[in-house]
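Novice: The transmembrane segment annotation in TrEMBL covers A:7-25. For A:79-164, the entry in TrEMBL reads domain 'Copper amine oxidase N2-terminal'. The annotation domain 'Copper amine oxidase catalytic' is assigned in TrEMBL to A:300-714. What TrEMBL records for A:Asp377 is active site, proton acceptor. Under the heading 2',4',5'-topaquinone, TrEMBL lists A:Tyr465. According to TrEMBL, the feature active site, schiff-base intermediate with substrate maps to A:Tyr465.
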2 protein chains.
Amino acid sequence: MEAKNLWRFLVLSIGVVLVLLVTWLPNKEALDCNLYSGWCTSKNRFYSSAHPNNPIKKPSFSTYHHHKNQHHESEIPQHPLDPLTIQEFNKVRTILLNYPLFKSSSSYTLNSVVLEEPDKKLVLKWKKGDLPLPRKASVVAYVKGDSHVLTVDLETGQVVSQEAITWSVSGYPTMTLEDMVGVLEVPLKSTEFNRSITKRGVNLADLACLPISSGWYGTQVEENTRLIKVQCYSKEGTVNFYMKPIEGVTALVDMNKKEVLSISDNGQNIPVANGINTDYRYSIQKLNGGELRMLNPISLEQPKGPSFTINGHLVKWANWEFHLRPDPRAGIIISQAKVRDPDTSKLRSVMYKGFTSELFVPYMDPTQDWYFKTYMDAGEYGFGLQAMPLDPLNDCPKNAYYMDGVFASSDGTPYLQPNMICIFESYAGDIAWRHAECPITDLKVTEVRPKVTLVVRMAAAVANYDYIVDWEFQTDGLIRAKVGLSGILMVKGTTYENMDQVPNQEYLYGTLLSENIIGVIHDHFITYYLDMDVDGSDNSFVEVNIKKQETSPGESPRKSYLKAVKKVAKTEKDAQIRLQLYDPSEFHVVNPLKKTRIGNPVGYKLVPGATAASLLDPEDPPQKRAAFTNNQIWVTPYNKSEQWAGGLFAYQSKGDDTLQVWSNRDRPIENKDIVLWYTIGFHHIPCQEDYPVMPTVSSSFDLKPANFFERNPILGVPPNFEDDLPVCKARDSA
Amino acid sequence: MEAKNLWRFLVLSIGVVLVLLVTWLPNKEALDCNLYSGWCTSKNRFYSSAHPNNPIKKPSFSTYHHHKNQHHESEIPQHPLDPLTIQEFNKVRTILLNYPLFKSSSSYTLNSVVLEEPDKKLVLKWKKGDLPLPRKASVVAYVKGDSHVLTVDLETGQVVSQEAITWSVSGYPTMTLEDMVGVLEVPLKSTEFNRSITKRGVNLADLACLPISSGWYGTQVEENTRLIKVQCYSKEGTVNFYMKPIEGVTALVDMNKKEVLSISDNGQNIPVANGINTDYRYSIQKLNGGELRMLNPISLEQPKGPSFTINGHLVKWANWEFHLRPDPRAGIIISQAKVRDPDTSKLRSVMYKGFTSELFVPYMDPTQDWYFKTYMDAGEYGFGLQAMPLDPLNDCPKNAYYMDGVFASSDGTPYLQPNMICIFESYAGDIAWRHAECPITDLKVTEVRPKVTLVVRMAAAVANYDYIVDWEFQTDGLIRAKVGLSGILMVKGTTYENMDQVPNQEYLYGTLLSENIIGVIHDHFITYYLDMDVDGSDNSFVEVNIKKQETSPGESPRKSYLKAVKKVAKTEKDAQIRLQLYDPSEFHVVNPLKKTRIGNPVGYKLVPGATAASLLDPEDPPQKRAAFTNNQIWVTPYNKSEQWAGGLFAYQSKGDDTLQVWSNRDRPIENKDIVLWYTIGFHHIPCQEDYPVMPTVSSSFDLKPANFFERNPILGVPPNFEDDLPVCKARDSA
């Protein structure tokens, strides 16, 4: 990392901390936005796009604190699941400052400060107008090498529980942004490291380095040391430094002591790729004559405005209502998703809580500088922490609403992650349902309903990769969870400039993408936590197996047909499911005590999309840590502490606190409050089109009503009529 | 079918035929649109939607001939693959009228009259400005129980080849609309049939009947007789007669003689369901208080108009160019799809021809009145013939362009299938590519490009089911083929009104959807013909297998990684592929003689989406006939006669002319002109939400460039800027 930039960051951070200290600590009250507009940003901004001729300040990390107006500082929680407010963060911080554990320690890190959700039963009972439920914060702290989990009661101002975790499970808390940034300069203290870099012809001022979680492999050096590896790139001539790896130079760093433990310097003959035309910025493409204008503008227009309302964190749209909050680890948390039944006009519960619990991204190169790249992006880096401000008009269409995140930095002071989540209505020209009668029946009927959905989106850039996380709600009751992958490949330097130089027997672990650049094969797994509450908390998981049934002799001219056979899962192991194309099933979560008018149990089904399975050896250390990818589907009984599929302390964990471990206890799950888990997978063999920035690749799964409604719930929606649609003009002719 | 309606249809048909005879046969010239506006419809109509207060005539079968203006009658082919024009249809008809085979026969049927494509080599050489290639028509005729395939040379006016097919392969040609309509009244001639209907309490005037292809089961009655089964419904009180089956009454009809062969009458105790609230028409829903307005209007707006141009049948959009034509059997045929390389500005070939070759829809009920329901919708019914006029603003968004089909009726006279295909640009708010730098790297970069695509769509209503067929083109070179299923279930009558009445041991073959209605389990398979020409006609199929590789002791702290192993398919059997989640592969079509700058063979890959496999017994007669669903992927050498995966004569075929049979010849396919075949599958266990009309369910696959371009081909596209987007007003405030 460039020293100058680091300085800027540090100075800014210190400045912010000072402002906060001055402002809040003395009076513990709201910021005066007239005085301290820095912390005051708008709730719903419609930034002009970054037209190069008309540059408009867009949010970025260092300008977070310079937005106009905002009411975050005076926010008070309106719903038991609302995230901690700025006032609450500051209160927590004050309480902790006076708490013995921290008082006695000159250095500690708050790795996570988030709402401690009230008991589910209390939340379910709570309704608008009721007294607020007591507010608590859940804190993960790292003090003198030990991880602690604390609960802070915001009413009493007390720490009400504290647990030192070190000896019960392996692993460390999620890194803080300060951890990640802090380790980057460490290798530069090593002359050996600097010599390695310089020998490759890279100017130290051009260095861009990444903090790479080092996994866990059972070696001596990993015991009792919080490790990280640092690898660097050259940003000479491009912002796309990822395409200019300094291959084979790896610093192993002690994250606590901020000391280099070892430097390896392999592949000294591998040149740094030239990076020509890798800068993907529009301004640069235009400058270099690479601009490619192919399309007239197209826009989603809503002349009467969007159909959703957002009150605090409560979203209402069409027949849906749900609570939405940003989370530093999960990113987006959807809670209490309910859909209105057109027959009764009542809201009915579908899902109590849904979020991306963990990611696993193993690279398929076992060599020294690559084998450890087996990321768990949520538990190691914080999926929400990496969700950068969305780019209005491009990340989300015109009428999107933007929700900010407010998170705690490592000393507990709150900061703003502006525009972290967007909410918008989408219409792609698709069809919700249709039927046309054909000439055979001579009925003149054509009825078609356009399909409009509500999308909740964030985009997390975990260093090179960008994950676009969508929760899409349909009026027919379906929820689609979709992940789009874009961003930049993690590539490997090579001496080869052309495939004809590669000896026949040599395996590259990937694809030669450009001269001296290999895109290494890797997988992505995204594991979702889905606390389904279908018409109530107690549900059962039913596997509806579709199996070939042979007919008996004389029974039918047919030899075979497919028969649906239902099996209710009694215990967790019944619900450890690997998808089978040739032994397929539907996967239903039903409420066994609620039936439709004609007697079917009400339910939702999980409908997998295209996916990929982890094929690593189950005993391979990364796979043990990511054992939650051993199956695509799991069902566990609700347990407040089982939320993170790779363990609460995923960093450097040994795999002793994963979904696999919990599920193997084989607890009863029939007619219980159950949590459904599903993993989306991708195998990615890079191709040249992924260079220097990748077109988005997506996958998804659906939660789809299955005998939840008595009938198609959108039978009565009207078609589009010409009169409803807007009259538009081009801006330059308007 | 109601006799009155049949009469109307017949009178109208005769009228149309007379008009055509009078108009064209004498002068063989264009229609005068001032005189005969009936055949003149607009090329690109923007119908107002069917607002009940403001009803606007929408096209339907009986009004096809009443559109204003149109230039079809004066059309001349502009491209060798343009479909037959009205003038050409009439010329073919005249030629055939004088051809001995037809001259000597008092009754014959032309089951198909379509363009006979010129030799692929000639088409590939042809370019705009060249002399037109000789025009020929391919005719399938059914004369005195024999099927004939003829080629008519339109220049010489001669039949240049004729082949009687009867003894070489089994099966009959695709039914004509006249066949389908013609058989419906046949059962009504039987007093036994009428008695059965009346006994169920159904008024004969309320009958709505369907022509149901009877499959093939190797029985005596099937030999040398073109059979069809007729089952009927009551349309009393609803247009949704499908929900009021007269269960168990089946007439077996000789389609040629139009005679009832037998009537079966089972399940006489099964009442006809009441059909309450099954009428899905908006006007009726509104009338009955079922209207459900949940959303403000939303519209895809393009202030400067769409970015595509359509010249005849040639579509140009962004970096794509392709030929598009309606086909009575396939529906949509995409030809010569080419994408522009941003590096060279040259168009490069991707696919010579793509279309839905066949469908297979087996129902999973082996009982007497259901076992035979194993439809092959393209070969039996004509997928394109069933593609009803699209509903503007609902089937396709505002700026869609509509393309008509012109097909031949059974005596060879052309008729119009208006608005059969639409072409539009879609933007759902999605992201083509993005990257944001995160605080770790301290670079202030957020670059996002919105994703806009071009969609080509038709919606075929094969009686109850509606298939929405999309070909979606992306600027990054990807082609997505998507099928949406909507429409109405084929249901079975039952005595049960509630699941609690069903004995524990009884299996219903489906789901009780409403009182007296079972939604029977079924599958859908849609098989695509994809003549890939990746940068030229000669290509190879490469399976890139992703397999677990264990590391050697001491090689790495990792135990395993995934390795990509390429295998070039030498012969057809190497490319008979069943997808395997736990032994996955990528499937590439490469041009082995063309390499990228850095030496990768240029290619496209087939990326399957979520799918389902046929699990029927391979020896079950329906599965033998639909043996093309035995694998998901096949590759065959290009052979002009191998286009229809279930055989040219799929109706009542025995499975002797399927893709499986061709592929089993195991011909060489390496570095040849090859055709890729892919099948999308669905298992459908109906649920109450599918009643009385089904929310759309979709599946898709992608053809994705893989080292086809040197780099991301849309690196240079600009983001959205606020100035580009339109200024819109609600119509009522405009």
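Cβ atoms here come from the backbone N, Cα and C positions, even for glycine.
In TrEMBL, annotation is done automatically, which means it is predicted and not curated.
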Novice: Need the DSSP three-state call for the residue listed as 'active site, proton acceptor' to compare against my parser.
Specialist: helix
Novice: At the Cα level, what's the spacing in Å between A:Tyr465 (2',4',5'-topaquinone) and the residue listed as 'active site, proton acceptor', rounded?
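Specialist: The separation of the Cα atoms works out to 10 Å.
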Novice: Please list, in sequence order, the residues in the chain of A:Asp377 (active site, proton acceptor) that are at least six apart in sequence and whose C-beta is under 8 Å away from its C-beta.
Specialist: A:Glu358, A:Leu359, A:Val361, A:Phe383, A:Gln386, A:Ala460, A:Val462, A:Tyr467
Novice: For a quick check of packing: other C-beta atoms within 10 Å of the C-beta of A:Tyr465 (2',4',5'-topaquinone), how many?
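Specialist: Cβ-Cβ neighbours of A:Tyr465 (2',4',5'-topaquinone) within 10 Å number 24.
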Novice: Which value does the mean pLDDT take for the domain 'Copper amine oxidase catalytic' (A:300-714) in this predicted structure?
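Specialist: A mean pLDDT of 97 is what the model gives the domain 'Copper amine oxidase catalytic' (A:300-714).
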